[in-house]
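S.K.: Here it is, the structure in full.
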Amino acid sequence: MINSTSTQPPDESCSQNLLITQQIIPVLYCMVFIAGILLNGVSGWIFFYVPSSKSFIIYLKNIVIADFVMSLTFPFKILGDSGLGPWQLNVFVCRVSAVLFYVNMYVSIVFFGLISFDRYYKIVKPLWTSFIQSVSYSKLLSVIVWMLMLLLAVPNIILTNQSVREVTQIKCIELKSELGRKWHKASNYIFVAIFWIVFLLLIVFYTAITKKIFKSHLKSSRNSTSVKKKSSRNIFSIVFVFFVCFVPYHIARIPYTKSQTEAHYSCQSKEILRYMKEFTLLLSAANVCLDPIIYFFLCQPFREILCKKLHIPLKAQNDLDISRIKRGNTTLESTDTL
């Protein structure tokens, strides 16, 4: 699915900036890899101590797994793009690791969508009890999400089956069969559609949540300002990460995919679209470094255990507990877990 390790054969290629593709981008991915492994390793360690007692927690744990696995694909891309690895490594990137990259990226996106729905249901519709918020249902839904993403992506592994000679530069699309190219195009459109649907639902749900919380706190002046700021911060952090990390890539993805699978694009146009895709894909990859920050803002149990492990006292915890007991409102209880 990623064709970043490759360029056109010499007789068909335009002038290329190898400084960008073979040095700058690999170095940036190396930085993201180191930060991503460390941050998600710590996040996984902390979540190991967080009980899976709520659907919200289960979805977050799935995101941690997806981000960690996605981070493990970065070294293959780094070695392939920089030319430090053997040519067979580029084939492996085209056939396997790039597909795993996309699977885990979209798994993460879908689970953030499920979290927004779960928070909407609990905060805006607290009296509507439903089995969809049960732990068992959330675990089943998590399995279904992983299976569906794999079903969409695995054919890209199977259908990238064309033989390849020993070359220094490989174009991933040329390793696909005719059916593989069609599936590549269709699956990319489906994944892009999934993102935009989740992104729009995210905006709708969190707009409704914000209105609900602000209306709730209009009834009480105590701690109203601080709670509003906290709620706004939590919501803004999620939407900000989605907008910065994923929107640019999904704007660039469609024209880039068309340039791969349609013949009327000029060589120069293909190169420009490839650079756009590479840099926006890097932004998407950087999401693995930002998600742990979201966990800290979003999940109170995560925050409490992390601070406990680091021996950092939580500020105003007593005031928060008193406020919850005094008001006894479901919306208020959910403020720290948006």
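Cβ from N, Cα, C; glycine included.
Here's the feature list from Swiss-Prot:
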- 1-29: topological domain 'Extracellular' (TOPO_DOM)
- Asn3: N-linked glycosylation site (CARBOHYD)
- 30-50: transmembrane segment (TRANSMEM)
- 51-55: topological domain 'Cytoplasmic' (TOPO_DOM)
- 56-76: transmembrane segment (TRANSMEM)
- 77-96: topological domain 'Extracellular' (TOPO_DOM)
- Cys94-Cys172: disulfide bond (DISULFID)
- 97-117: transmembrane segment (TRANSMEM)
- 118-139: topological domain 'Cytoplasmic' (TOPO_DOM)
- 140-160: transmembrane segment (TRANSMEM)
- 161-188: topological domain 'Extracellular' (TOPO_DOM)
- Asn161: N-linked glycosylation site (CARBOHYD)
- 189-209: transmembrane segment (TRANSMEM)
- 210-234: topological domain 'Cytoplasmic' (TOPO_DOM)
- 235-255: transmembrane segment (TRANSMEM)
- 256-278: topological domain 'Extracellular' (TOPO_DOM)
- 279-299: transmembrane segment (TRANSMEM)
- 300-338: topological domain 'Cytoplasmic' (TOPO_DOM)
S.K.: Could you check the disulfide-bonded residues Cys94, Cys172 and say which one's CB has the fewest neighbouring CB atoms inside 10 Å?
M.R.: Cys172
S.K.: Can the transmembrane segment (189-209) be said to touch the transmembrane segment (279-299) if we require at least 3 CB pairs below 8 Å and skip pairs under 6 apart in sequence?
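M.R.: The transmembrane segment (279-299) and the transmembrane segment (189-209): touching, no.
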S.K.: Using a Cβ-Cβ cut-off of under 8 Å, list the residues of the same chain that are 6+ residues beyond the ends of the transmembrane segment (97-117) and lie near it.
M.R.: 1-5, 55-56, 59-60, 62-63, 66-67, 69-70, 73, 76-77, 141-142, 145-146, 149-150, 153-154, 156-157, 172, 191, 194-195, 197-198, 201-202, 205-206, 238, 242, 246, 284-285, 287, 291, 298
S.K.: Give me the DSSP three-state residue breakdown of the topological domain 'Cytoplasmic' (51-55), ordered helix, strand, coil.
M.R.: 1 helix, 0 strand, 4 coil
S.K.: Near the transmembrane segment (30-50), which same-chain residues lie under 8 Å Cβ to Cβ, leaving out any that are not at least 6 residues past its ends?
M.R.: 57, 60-61, 64-65, 67-68, 70-72, 74-75, 78, 282, 285-286, 288-289, 291-292, 295, 299, 301-302, 305-306, 309
S.K.: For Asn161 (N-linked glycosylation site), just give me the three-state DSSP call.
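M.R.: DSSP assigns Asn161 (N-linked glycosylation site) to coil.
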S.K.: Quick one: Cα separation, Cys94 (disulfide bond) versus Asn161 (N-linked glycosylation site), in Å?
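M.R.: One finds 10 Å between the Cα atoms of these residues.
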S.K.: Quick check for the class: what is the C-alpha distance, in angstrom and rounded, between Asn161 (N-linked glycosylation site) and Cys172 (disulfide bond)?
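M.R.: Cys172 (disulfide bond) has its Cα 11 Å from the Cα of Asn161 (N-linked glycosylation site).
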S.K.: In three-state terms from DSSP, label Cys172 (disulfide bond) for me.
M.R.: helix
S.K.: So how many of the residues in the topological domain 'Extracellular' (256-278) end up helix, strand or coil by DSSP?
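M.R.: Final tally across the stretch: 18 helix, 0 strand, 5 coil.
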S.K.: Is it possible to get the count of other C-beta atoms within 10 angstroms of the C-beta of Asn161 (N-linked glycosylation site)?
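M.R.: There are 12 such Cβ atoms around Asn161 (N-linked glycosylation site).
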